[in-house]
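According to TrEMBL, the protein has these features:
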TRANSMEM  12-32  transmembrane segment
TRANSMEM  44-62  transmembrane segment
TRANSMEM  69-94  transmembrane segment
TRANSMEM  100-116  transmembrane segment
TRANSMEM  136-158  transmembrane segment
TRANSMEM  164-185  transmembrane segment
DOMAIN    174-275  domain 'CAAX prenyl protease 2/Lysostaphin resistance protein A-like'
TRANSMEM  206-226  transmembrane segment
TRANSMEM  232-256  transmembrane segment
TRANSMEM  263-282  transmembrane segment
TRANSMEM  294-314  transmembrane segment
Amino acid sequence: METILFSKTDKIKIVTFVAVAFGLPWLLLPQIRVEGILAYNIPASYMMILPTFGIILGRIICERKIHGWFHWIYTIAFIESTAVMVLCAAKVITGKAADDMLTVSSMALSIVLLLGRMIDEQELYPFKDLKKAIGIYIMFVAIAQISNLPQLIHAGALRTADEIVSNLLFTPIDIFVVQSIYFFGEEYAWRGCLQGRLQNIFGKRMGVILLGIIWELWHMPLWFQISEPGQGKLIVLLVLMRMPYVIALAVFFGWAYMKTNNIWLCVLIHGVNNAAVAAFDSDLVTVADTVESVSVFDGIMTAVAVIVMLLFLFTKEYRKGERV
């Protein structure tokens, strides 16, 4: 492994990213116990904008200015979301009020983000390599149904058909128009920036596996928020249960990004994955609920989905050279 030297600017950007993406959730989330806030997924939505804003803030600090509308969008999103979280922590507003505020702003910012990238037609153009992107999207919808098979069987044929049609037709609209500010907030950072850096240092396969580990550890403040005192062992168990699946997601998402260089494809399949989980697990609101709900059949089908996604490590995209 070659020695990687970081410049002073690189170090500032790294420290800023870690402080924002990983530090702020641990600082704010434990303070927030407002009734209803978890039901609206407000903490998760807040966390999703932090990785990209952490990257942007690092650039702003180093270059001492804000570059263009993209930086402004995430700066605005961060300021507003942080204000809402602080108001929740101070119990000035309810979870419902916070959700109403964020829903309106997220839709407005998502539409601006999408239209801006469509007009720009540069590196982050949404329809780049469209035919490949559609094929990969359909492939992932199929893979998502593998891990959801126990719930789909229990739900019946009508619910299953409805779920698949929703994933194929309606979920993309919701993700792009209403929630892209959140999912792009993760994917631009994880796939668009961090994946390439890690692959340059550790190689394509090890880099993406390390990214999967980092990605799951980043979620941990959420698991602490939905836990009760004395449930530390359950949190560790939940992380260990989720880790193989999240690493497998990182492998598949990483392959999709290298195959198409389309970050919006990663935004879409990330949203589909979350929607598929939420469709059947929306009533699981604590760590104990989540861990105890897993059956043997659930574990087997999730393992099958993990194996399928890990097989993409052997595609040509991961074989082309040791580093990006």
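The backbone N, Cα and C atoms fix where each Cβ goes, and this holds for glycine too.
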Review point. Who are the chain neighbours of the transmembrane segment (44-62) in space, where the CB to CB distance is under 8 Å and they lie at least 6 residues beyond its ends?
Key: 9, 12-21, 24-25, 28-29, 70-71, 74-75, 77-78, 81-82, 84-85, 102, 106, 181-186, 188-190, 193, 218-219, 221-222
Point to revise | Dominant neighbour of the transmembrane segment (206-226) in 12-32, 69-94, 232-256, by Cβ pairs under 8 Å | key: 232-256
Review point. Roughly where does the domain 'CAAX prenyl protease 2/Lysostaphin resistance protein A-like' (174-275) sit in mean pLDDT, to the nearest integer?
Key: 92
Revision key, fill the gap. If one takes Cβ-Cβ under 8 Å and requires six or more residues beyond its ends, the residues near the transmembrane segment (69-94) are 24, 28, 31-32, 34-37, 42-43, 45-46, 49-50, 52-53, 56-57, 59-60, 101-102, 105-106, 109, 112-113, 116, 181, 185
**Study point:** Secondary structure content, the domain 'CAAX prenyl protease 2/Lysostaphin resistance protein A-like' (174-275) (per DSSP, counts of residues)
**Key:** 92 helix, 0 strand, 10 coil
Revision key, fill the gap. Near the transmembrane segment (164-185) in space but 6 or more residues beyond its ends, with Cβ under 8 Å, are 45, 48-53, 73-74, 77, 103, 106-107, 109-111, 113-114, 126, 137-138, 141, 144-145, 263-264, 267-268, 270-272, 275-276, 279
